[in-house]
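J.: Submitted below is the structure of interest, expressed as structure tokens.
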Amino acid sequence: MTKHYDYIAIGGGSGGIASLNRAASYGKKCAIIEAKHLGGTCVNVGCVPKKVMFYGAHIAEAINNYAPDYGFDVEVKKFDFSKLIESRQAYISRIHTSYNNVLAKNNIDVINGFGKFVDAHTIEVTLADGTKEQVTADHILIATGGRPYRPNIKGQEYGIDSDGFFALTELPKRAAVIGAGYIAVELSGVLNSLGVETHLLVRRHAPMRNQDPLIVETLVEVLAQDGIQLHTNSTPSEIVKNADGSLTVRCDGQSDVTVDCVIWAAGRVPTTDKIGLENAGVETNEHGYVKVDKYQNTNVKGIYAVGDIIENGIELTPVAVAAGRRLSERLFNNKPTEYLDYSLVPTVVFSHPPIGTVGLTEPQAIEQYGAENVKVYKSSFTAMYTAVTQHRQPCKMKLVCVGKDEKVVGLHGIGFGVDEMIQGFAVAIKMGATKADFDNTVAIHPTGSEEFVTMR
């Protein structure tokens, strides 16, 4: 007999889990279909393990770059990479347990299998043993997330992707990270800090090109200072496996790069191609992203989508969580106008040092408001944590303001501790704070964040 639910999520990542937990709190009968591990990309091969690796790299930096000038004579006889991985995976396992406990408490059924639409209200699930079962629901959420992109070039199979990075059991001596986005920059920083000879290959003139120019310029400066070898205007045309097991990355018009490990970090694609969207009549664009309106509705009544798979979305875990919860509020808690405002979403890149940003870059503000209506404030200093050492690191910040009242429409920073500064400022900017509001806030000294309220 086919089991019927009020609400089903295909995909047990952050967005699906958040939406179902909220729906269940209103007494709805829910099920989540997940083919791999609960938590999706974020918990298993994304935010969580990435942040653990960031912290591990941070400790290595403290020992190697800063400890001597703070009076610590530290000698690390051995770095046990396997211990770091063991600790990381144990932490992830505890998160899995927590998810299972919360879902069980909320009486949400967890169906371990691969879900595929049969029609607009029916999903066929292929279980681990190969058997199939069908479930139906009044409301279905597509939350299948994304997967790493690999280019179609000769030898691409010799490289690993970001998922493969988190499957490494030992560190390579030399690595080439291919990509210009935040994933590539973050992985490069981790590898370099842990002692790997690291090459970062980007297609154009710099990584993170969509960031504010001040951030991009400073990032490039720090990459060079820290020893990451940046290869610009480098588009791989072939990966060659050599007799000694090493890999050579060949780029048109550029020098070859020979390493022990190649990591593809050149973007992600939506995991929507095998879930039978055509059977339900759900529309996607030419790249497989699901078309939705501001309420997360697809073109098919009763089918919704959140997270990395939606067209023109923001591929961040908190965005999927927020959209999923608001969707359940609208569907099951009598809030028909509830939706997520996708503007002014704060973001952080866990580079070395980290980047934090919310709102418009200076070029974006000029394009939107006109140069005559934009005023920019900047600050440049050395992070105090590093200022007392020989390994000084820059910290740079910018406020982008518009109009006579100088409304703050953009805030950007790169430097030690910036990742933990941005959240509160995002609240202020979301509320419409002006430069005068920032000026009227007493600074906390000595901190990096005080620069945002003392710029002139």
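Keep in mind that glycine also has a Cβ here, set from the backbone N, Cα and C atoms.
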J.: Among Ser14, Ser237, Ser246, Ser255, which is the one Swiss-Prot gives for the glutathione site where Tyr99, Arg325 also bind?
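T.: Same glutathione site in Swiss-Prot: Ser14.
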J.: If Swiss-Prot gives Ala180, Ile183, Glu186, Arg203, Gly267, Glu315, Val348 as binding NADP(+), which of Arg209, Arg326 does it give for that site as well?
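T.: Same NADP(+) site in Swiss-Prot: Arg209.
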J.: When you measure from the Cβ of Glu186 (NADP(+) binding site), how many other Cβ atoms are you left with inside 10 Å?
T.: 24
J.: What Cα-Cα separation, expressed in whole Å, is found between Val348 (NADP(+) binding site) and Tyr99 (glutathione binding site)?
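T.: Here the two Cα atoms are 25 Å apart.
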J.: Quick one: among the binding-site residues Glu34, Glu315, which has the most Cβ atoms sitting within 10 Å of its own Cβ?
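T.: Of the binding-site residues Glu34, Glu315, the highest Cβ count within 10 Å belongs to Glu34.
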J.: Long-range neighbours only, meaning 6 or more apart in sequence with Cβ under 8 Å: which ones does Tyr99 (glutathione binding site) have?
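T.: Same-chain residues close to Tyr99 (glutathione binding site) (Cβ under 8 Å, separated by 6 or more) are Gly12, Ile17, Leu38, Gly39, Val43.
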J.: Spatially, and counting Cα to Cα, which of the binding-site residues is closest to Glu186 (NADP(+) binding site)? Options: Ser14, Glu34, Gly115, Thr317, Arg325.
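T.: For Glu186 (NADP(+) binding site), the spatially nearest of the binding-site residues is Thr317.
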J.: Which secondary structure state does DSSP assign to Arg325 (glutathione binding site), in the simple three-class scheme?
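T.: In the DSSP reduction, Arg325 (glutathione binding site) maps to helix.
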J.: Return the member of Cys42, Cys47, Gly115 nearest to Arg209 (NADP(+) binding site) in space, with distance defined Cα to Cα and candidates limited to these recorded positions.
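T.: Going through Cys42, Cys47, Gly115 one by one, the Cα closest to that of Arg209 (NADP(+) binding site) is Cys47.
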J.: Counting distance between Cα atoms, which of the binding-site residues Ser14, Ala180, Ile183 is nearest Arg325 (glutathione binding site)?
T.: Ser14
